[in-house]
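Annotated features in TrEMBL:
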- 1-21: signal peptide (SIGNAL)
- 37-57: transmembrane segment (TRANSMEM)
- 93-126: transmembrane segment (TRANSMEM)
- 138-164: transmembrane segment (TRANSMEM)
- 179-196: transmembrane segment (TRANSMEM)
Amino acid sequence: MTYLRAVLTLFALLSASPAFAHLDPAAHGSFAAGLSHPIFGLDHVLAMLSVGLWAALIGGRAIWFLPTGFVLGMVSGYLLSLVGVALPAVEPIILFSVVVLGAVVALALRLPVFAGAAVCAAFGLFHGHAHGGEIGTAGQLAFAFGFLVATAVLHACGVLFGYGAKIGLGPTTQKGERAIRFLGVATTLGGLYLATAG
């Protein structure tokens, strides 16, 4: 229970953190600006943690395929934004991704790996497009490298939370999975709050 409380407390702190302004590339550099973009956006944080949690729930190849699908989709969306290709309803779909990814974790939905990766890629497309739309004066490559690093770290945190819950609460019991599913419920509620608070 101590481990579960620690994980839930950390997740709650992440979920309750206010949205900070993104770092100015002129003052902090393009890489730091890109790094800050997912981390200082609660919608990005919740979605990316959920991808990692979902991957941990499914296990096996999903550990790599789901985060990779999200990242590939994100890179595609970023490139579309840079060349001026508009996508519809980017911000609403990002919030929708938080709700849906939280829900699939809450329901412990175990899709085939490639189907799960496709879902992640579709949502990643819109997250990446949002990053491209807010690049400002940052250098394109350094900014992209920054948000890719931040995304990978958030995915890894989700995976580690998931596996940590399974191991810490007993691999032969369902307590770990229930803890992960609870985090999915919290994410969905967080997404609904973000969608209605604006």
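Yeah, the Cβs are placed from backbone N, Cα and C, and that goes for glycine too.
Here the transmembrane segment (93-126) has Cβ contacts under 8 Å with residues 43-44, 46-47, 50-51, 53-55, 57-58, 60-62, 65-74, 76-77, 80, 87, 177, 180-192, 194-195 of the same chain, all six or more residues outside its ends. Within the chain carrying the transmembrane segment (37-57), a Cβ under 8 angstroms from the stretch's Cβ atoms is held by residues 11, 14-15, 17-23, 63-67, 70, 94-95, 97-98, 101-102, 104-105, 108-110, 116, 120, 123, 127, 130-131, 134, 143, 146-147, 150-151, 154-163, 166, 177, 180, 183-184, 187, 190-191, 194, all 6 or more beyond its ends.
Long-range Cβ contacts of the transmembrane segment (179-196) within its own chain (Cβ-Cβ under 8 Å, at least 6 residues beyond either end) map to 4, 7-8, 11-12, 15, 42-43, 46, 49-50, 53, 56-57, 92, 95-99, 101-108, 161-162, 165-166, 169. Cβ atoms under 8 Å from those of the transmembrane segment (138-164) belong to residues 3, 7, 10-11, 25, 29-39, 44-45, 48-57, 63, 67, 70-71, 74-75, 78, 82, 131, 176, 180, 183 of the same chain, restricted to positions at least 6 beyond its ends.
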